[in-house]
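What TrEMBL says about this one:
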type: TRANSMEM; residues: 60-82; note: transmembrane segment
type: TRANSMEM; residues: 89-108; note: transmembrane segment
type: TRANSMEM; residues: 176-196; note: transmembrane segment
type: TRANSMEM; residues: 203-224; note: transmembrane segment
type: TRANSMEM; residues: 236-257; note: transmembrane segment
């Protein structure tokens, strides 16, 4: 209990110092996979077009439209989110890109990649909830009955979807380290999902996921001509986006539908 109290006491000054910068870092991390994928669409235009045309037999025109839509949709959405203009529309557009890619690349039938795409959607839900807060802040001084229910449930849905990323990291083997990692990881994702000691649990998951990402997805150590380079690069930036979603949880808190919020009423 004392060590837990020490961690909490360290978290408070950290949040105070990073309060102004953490949301910006979170947004940058969150859109990183879309930014990287949009740029990759540009440099691998022919390869992507040929893959879609061969896989779906949709012809040159539709395959070109698919690649163009992915490129402009992702890069355009990233620009809007970073500039903080029309953020809600950008989030809906990126939701559409996730759904489109899930079908086009047959991710729907790969449980691991599907869960990671859902986790990515969770980060966008949190960003959408943040943009609703900013919209309401324009009417400062106007009496309010509290946060709107849609925003609260978006934050809850975002938290629950984010932790799906960690379900793909659990290792089912009898070694002591794996068992310990699974127990600690499971406890942390439950805390984030139910919203108990949320900021501390989310920050711990950020550190854990960052270490795993750098160690296992070191695409820079693989020659660019090898297929593994692109695979690791994609995985690295997708994981970075989930880190961005968790940083939003650290910066903004769990929202109204959480045990942390309910404790204030007790």
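Keep in mind that glycine also has a Cβ here, set from the backbone N, Cα and C atoms.
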*Considering only Cβ pairs under 8 Å, which range in 60-82, 89-108, 176-196, 236-257 makes the most contacts with the transmembrane segment (203-224)?*
236-257
*Would you mind listing the long-range same-chain contacts of the transmembrane segment (176-196), meaning Cβ under 8 Å and 6+ residues beyond its ends?*
156, 159-160, 162-163, 166-167, 169-170, 202, 204-205, 208, 246, 249, 254-255, 257-261
